[in-house]
Amino acid sequence: MAGASSPASLRASRNRQLGKETIYSDLLKNPKGLFAFALILADAILVGLIIAYVPYTKIDWDAYMSQVSGFLGGERDYGNLKGDTGPLVYPAGFLYLYSAVQNLTGGQVYPAQILFGVLYIVNLGIVLFIYVKTDVVPWWALCLLCLSKRIHSIFVLRLFNDCFAMTLLHSSMALFLYHKWHLGMLVFSGAVSIKMNVLLYAPPLLLLLLKAMNIIGVVSALAGAALVQVSCTNAFDLGRVFIHFWSVNFKFVPERVFVSKEFAVCLLIAHLCLLAVFANYKWCKHESGIIGFMRSRHFFLTLPSSLSRILTKEHIVTTMFVGNFIGIVCARSLHYQFYSWYFYSLPYLLWRTPFPTWLRLIVFLGIELCWNVYPSTPASSGLLLCLHFLILVGLWLAPSDDPYQLKEDPKSQIHKKHK
């Protein structure tokens, strides 16, 4: 009969219906998921009120629009793309992105604030998704992600390009959780093309790629990411020296020391040493260190199915967040918008330490306080550095969980479902 459905289509329809019911039932049974959804709704209302009633702060938006106008006018020499704050110092992805933003908003502040308000909520949703999937932070602590005055200001009152870069970075992490390494690397590369701070995640991410795939897979993923950067030739300023006045983390250091090459080299050495130590003794602890990992069969071109393993979500997020945080601790200068580089990882990192809850909350509030002191003082920057070091020590003292989970045979998974 023409209107009759085949048994296969009926089974597929029932499976889809069961899948939807399972998703809804899981959501209803998961208080963290419901709480995260409520936070998104509440924060969306707050963002709307901020845009409506809090005055916009003019900092970089006009400069962004001037630089983009020069680019759209045909200028391709980076040295000639300038704005109120000086020459363009961002990668080429910034130009393409903000050209689109200018077309959407007409270069006007209010429509841009609405766009950045939507971006804020999208980013928050992605971050909450990561937190819910990793199940490291208790449900009530998710509200910490919505309580930062400085972060709300960075997104909807100052319209910094850091907002787009970090949203893409968090999107790539969400893809990595489901082992979509190639697609995630494309998104990650897009974030780098907007702002280079995302490269702080590169060392731990490379280690994760080597753990998750064989060499052929790693090379193909890196090649895909490199293609995104083809248009960014000569668009990276690696010799930039920040102004001492704007430093939030090293204001207590004398200016002559702050701008010196020796100080920069010392911080770079500290950064590399900390990465090496954490990689060897924390991230690769279960592989007997970096050397043991490289000697293992997992590092070679083929991996026998009997040894097939996948990384846990917690290991992926912990490695990337800690690797970035090490870069934050060793950064020569953190400006106010740079808080967005690691704010969304703070609750996760704090709950990865063995600290009691009251100390975690004090550290979180202390860091938020330091970032809201304007202008920064030697005392506020000294306190911020101490709090950073405290978190770093806590992460070092925390136990290292097994980074792998055995990849089950699909037949056994089917058996479990029907059991």
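Quick reminder: no glycine exception, Cβ is built from N, Cα and C everywhere.
Keep in mind the model is a prediction, meaning the values are calculated, not measured.
These features come from TrEMBL:
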{"type": "TRANSMEM", "residues": "34-56", "note": "transmembrane segment"}
{"type": "TRANSMEM", "residues": "114-132", "note": "transmembrane segment"}
{"type": "TRANSMEM", "residues": "181-202", "note": "transmembrane segment"}
{"type": "TRANSMEM", "residues": "214-236", "note": "transmembrane segment"}
{"type": "TRANSMEM", "residues": "256-278", "note": "transmembrane segment"}
{"type": "TRANSMEM", "residues": "316-335", "note": "transmembrane segment"}
{"type": "TRANSMEM", "residues": "355-374", "note": "transmembrane segment"}
{"type": "TRANSMEM", "residues": "381-398", "note": "transmembrane segment"}
Leading contact stretch, 114-132, 316-335, 355-374, 381-398 vs the transmembrane segment (181-202) - CB distance under 8 Å: 316-335
Tertiary contacts of the transmembrane segment (355-374), as residues 6+ beyond its ends and Cβ separation under 8 Å: 144, 147-150, 248, 336, 339, 346-347, 380-381, 383-384, 387-388, 390-391, 394
Close approaches to the transmembrane segment (381-398) from elsewhere in its chain (Cβ under 8 angstroms; 6 or more beyond its ends): 247-252, 274, 278, 282, 322, 325-326, 328-329, 349-350, 352-355, 363, 366-367, 370-371
